[in-house]
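This report concerns only the one structure given below.
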Amino acid sequence: MAVPKEVSFLASLLVLGILLLHVDAKACSQRNAKEPICTNCCAGRKGCNYYSADGTFICEGESDPNNPKPCTLNCDPRIFYSKCPRSEGNAENRICTNCCAGRKGCNYYSADGTFICEGESDPNNPKPCTLNCDPRIFYSKCPRSEASAEQPICTNCCAGLKGCNYYNADGTFICEGESDPNHPKACPKNCDPNIAYSLCLYEK
């Protein structure tokens, strides 16, 4: 029995739609895996909102950095980036770096999410950069793939930047940086072998 043209046409459209959805989902999932931050709602910083790769709101962070909650250190696969509100006139709300001194592989953004630059400094072979704060830079996003024992950053908890959290290669929290770039502490220059990468947030 012959299949009516309308049914054949609708079946073709359905198959095409499924194929396009599969390709789009695959492309999406590949893109999402490139630069997610590694955190979860409990461990996320209070006052910061966390979003998926397509901009869907996931949750507000629950942990006060001055009184952190006992949270697991797993990465919520839904979370891709965060946005933290700025308190006007508060210089502590932003990270202090510049494009030259910024970590290679990390992207730096303004407070409204405008891309400023990619960091230029390889932690294994740092460039001779000034230590001034670029007023345009508010926060950074670094690929999770950098959390690798093959490319650890060279710092320690004392010398680490205040407002940045430091992690080992498997994502375990090590410490929060203690050094204010405007009033740096007298810290040793040794590399803590436990530290592999950092995540810096720009709210207090």
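Just so it is clear, glycine is given a Cβ too, placed from its N, Cα and C backbone atoms.
Given the structure is predicted, the values throughout are model-derived calculations rather than measurements.
Annotation comment: Swiss-Prot describes 25-67 as repeat '1'.
DSSP classifies Cys100 (disulfide bond) as coil under the three-state reduction. Positions annotated as disulfide bond by Swiss-Prot, on the basis of similarity to another entry: Cys28-Cys100 (among others).
Under the three-state DSSP scheme, Cys38 (disulfide bond) falls in the coil class. Taken from Swiss-Prot, the feature disulfide bond applies to Cys38-Cys75 (among others).
Taking all protein chains in view, 16 other C-beta atoms sit within 10 angstroms of the C-beta of Cys59 (disulfide bond). Positions annotated as disulfide bond by Swiss-Prot, on the basis of similarity to another entry: Cys41-Cys59 (among others).
Among the features that Swiss-Prot reports, disulfide bond is placed at Cys42-Cys71 (among others), with the record citing similarity to another entry. Cβ neighbours within 10 Å of Cys71 (disulfide bond), excluding its own Cβ and spanning all shown chains: 16.
Under the heading disulfide bond, Swiss-Prot lists Cys48-Cys84 (among others), citing similarity to another entry as support. The number of other CB atoms found within 10 A of the CB of Cys48 (disulfide bond), across every protein chain shown, is 20.
What Swiss-Prot records for 68-125 is repeat '2'.
Residues annotated as disulfide bond in Swiss-Prot: Cys99-Cys117 (among others). Cβ neighbour count for Cys99 (disulfide bond): 16 (other Cβ atoms within 10 Å of its Cβ, all protein chains included).
Residues or ranges marked as repeat '3' by Swiss-Prot: 126-183.
Across the repeat '4' (184-204), mean pLDDT in this model comes to 73. Here Swiss-Prot flags 184-204 as repeat '4'.
Here the Cα atom of Cys84 (disulfide bond) is found 12 Å from that of Cys59 (disulfide bond). When the neighbouring Cβ atoms lying within 10 Å are counted for each of the disulfide-bonded residues (Cys38, Cys42, Cys75, Cys100), the highest count belongs to Cys38. Separation of the C-alpha atoms of Cys99 (disulfide bond) and Cys38 (disulfide bond): 23 Å, rounded to the nearest whole number.
With helix defined as DSSP H, G or I and strand as E or B, the repeat '3' (126-183) counts 3 helix, 17 strand, 38 coil.
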